[in-house]
Amino acid sequence: MSCKSFLTLITVLLCANAVFGVNIISRAQWGGRSATSKSTLATGLSYAVIHHTAGVYCSTQAACSLQMRNMQNYHMDSLGWADIGYNFLIGGDGQVYEGRGWNTLGAHATNWNSKSIGISFMGNYNTNVPTAAQIAAAKALLADAVSRGQIKSGYILYGHRQVGSTECPGDNLYAEIKKWANWRA
Ligand SMILES: [Zn+2]
């Protein structure tokens, strides 16, 4: 690729991101059910919390959509929650999946749900390793959250284990997020 066409590509990507934000697989696309109730999540939040599902890893949109439906059924039918717990999820296919979404209170970290957005990587990251595509997707989603005002630009990023008694988000994912600019000890 020539230098000029590379620069054109970068410009297109930057502009597309500014206009449309990160591409998110919607609830309709993965076959989600309607929530039984919804509460508003405030904007200007100070925190984002990273999780793993500790469940099955998936690497295609079809497989990740199936995991989304299974998880939503588990959270709603077995745990009795209003909806899938997380605000967003990251598939092993490198795509973002809509959970409760923007401006909706999640159920992902006791005492932290009203203060943070919850983003969960599908799989068990004590054994799975986050891919470059997954990392890029999560970072783009967090940048989108800032640009929308859901979280502040100086937000603090935590792994679930920092705010609760859990091994979540798994050792491999926790080691990764410790390298991100907004992570704090
Ligand atoms: Zn967690």
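The backbone N, Cα and C atoms fix where each Cβ goes, and this holds for glycine too.
In TrEMBL, annotation is done automatically, which means it is predicted and not curated.
Record features, source TrEMBL:
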{"type": "DISULFID", "residues": "Cys58-Cys64", "note": "disulfide bond"}
{"type": "DOMAIN", "residues": "22-164", "note": "domain 'Peptidoglycan recognition protein family'"}
{"type": "DOMAIN", "residues": "35-170", "note": "domain 'N-acetylmuramoyl-L-alanine amidase'"}
{"type": "SIGNAL", "residues": "1-21", "note": "signal peptide"}
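The residues of the domain 'N-acetylmuramoyl-L-alanine amidase' (35-170), classed with DSSP into helix (H, G, I), strand (E, B) and coil, number 39 helix, 31 strand, 66 coil. A simple way to gauge crowding: the CB of Cys64 (disulfide bond) has 25 other CB atoms within 10 angstroms, across all the protein chains here. Confidence over the domain 'Peptidoglycan recognition protein family' (22-164), given as mean pLDDT on the 0 to 100 scale, stands at 98.
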